[in-house]
Amino acid sequence: MRVQLKWELNDHLNLLVFMFGSVLMGVTFRIHLLEGGTNFSVDPPTTSWILLESMRALGLSFPRLAEDTYMILVITGALLSSLTLRYDKDSRLAMSIYSLPIRNYKVVLAKFIASFVLLFLSVIIPFFLTLVYTYGDAPDLLKGALFGEGFFISYFIFWLLACLYVISLSSLIAELSPNLFASLLGGVTLLYLPKILDIAYLPPAVLNSAFLTSQTAFDGVTQKILMLVDKAFVSCILIPLTLLGMTLLISEWRDVV
């Protein structure tokens, strides 16, 4: 499984999709960081209070799942899942891969992990690069916003949950689809449908709401994280893990092609 995972992470098509998502995410994050902002007032207007509120304002302005950001995440995730799970089957390469002395579900699990890692890195790396590029001239403010107020851990978990949801659903669609095109079309459609229908209990709405609520309701970092996970548990942890389990079961029942 480790060899298969390394193979998938170094696949040129997967890396090409990773670069595609990273560049688009970086440009989008840059735009949102420049446009975003949070108004605040302090009384009395002391330097320490102004710095503290500035840190909170910067943390709350971190880019989340806006329409353009979510669309890029969906397309990148669907591409990764479709390429890892369907391309080798459509090209008949799976005939040799699935004939190895390893269970099918382990092969699929390695592909799932590779897609998840690449999608997550395509978000986190551009975020930090654009954040440092935009606010690098104020290191104290940047450090305080990331670590002093606990935004870094919450933001990290926020994108972990978002990527888990996207890859879990798109992987199941890829495993059920007859070809690469159907996998990509079905994955993008089902992932973006909650956004179009404005369904509050599914991503992206539930994650955006959970993040904002958790960051404004409590001061403690642990309380913020627990509230974020609690509000997104069913939609972004329980459902994705169920979808992953279904994908692994189907991989054992279905033929290679």
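Residue numbers in this text run from 1 along the chain shown.
Any Cβ shown, glycine's included, is placed from N, Cα and C.
Feature annotations, reproduced from TrEMBL:
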type: TRANSMEM; residues: 12-33; note: transmembrane segment
type: TRANSMEM; residues: 69-87; note: transmembrane segment
type: TRANSMEM; residues: 108-132; note: transmembrane segment
type: TRANSMEM; residues: 152-173; note: transmembrane segment
type: TRANSMEM; residues: 180-202; note: transmembrane segment
type: TRANSMEM; residues: 232-251; note: transmembrane segment
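The recorded stretches the transmembrane segment (12-33) and the transmembrane segment (232-251) do not share 3+ CB pairs below 8 A when only pairs 6 or more apart in sequence are counted, and are therefore not in contact. Non-local neighbours of the transmembrane segment (180-202) in the same chain are 67, 70-71, 74-75, 77-79, 81-83, 85-87, 90, 166, 169-170, 173-174, 209, 234-235; each lies 6+ residues outside the stretch with a CB under 8 Å from one of its CB atoms. Long-range contacts of the transmembrane segment (152-173) within the same chain, counting only residues at least 6 positions beyond its ends with a Cβ under 8 Å from a Cβ of the stretch, are 59, 62, 64-65, 73-74, 77-78, 80-82, 85, 108, 111-112, 115-116, 119-120, 123-124, 127, 146, 183, 186-187, 190-191, 203-204, 207, 211, 214-215, 221, 224-225, 228-229, 232, 235-237, 239-241, 243-244, 246-247, 250.
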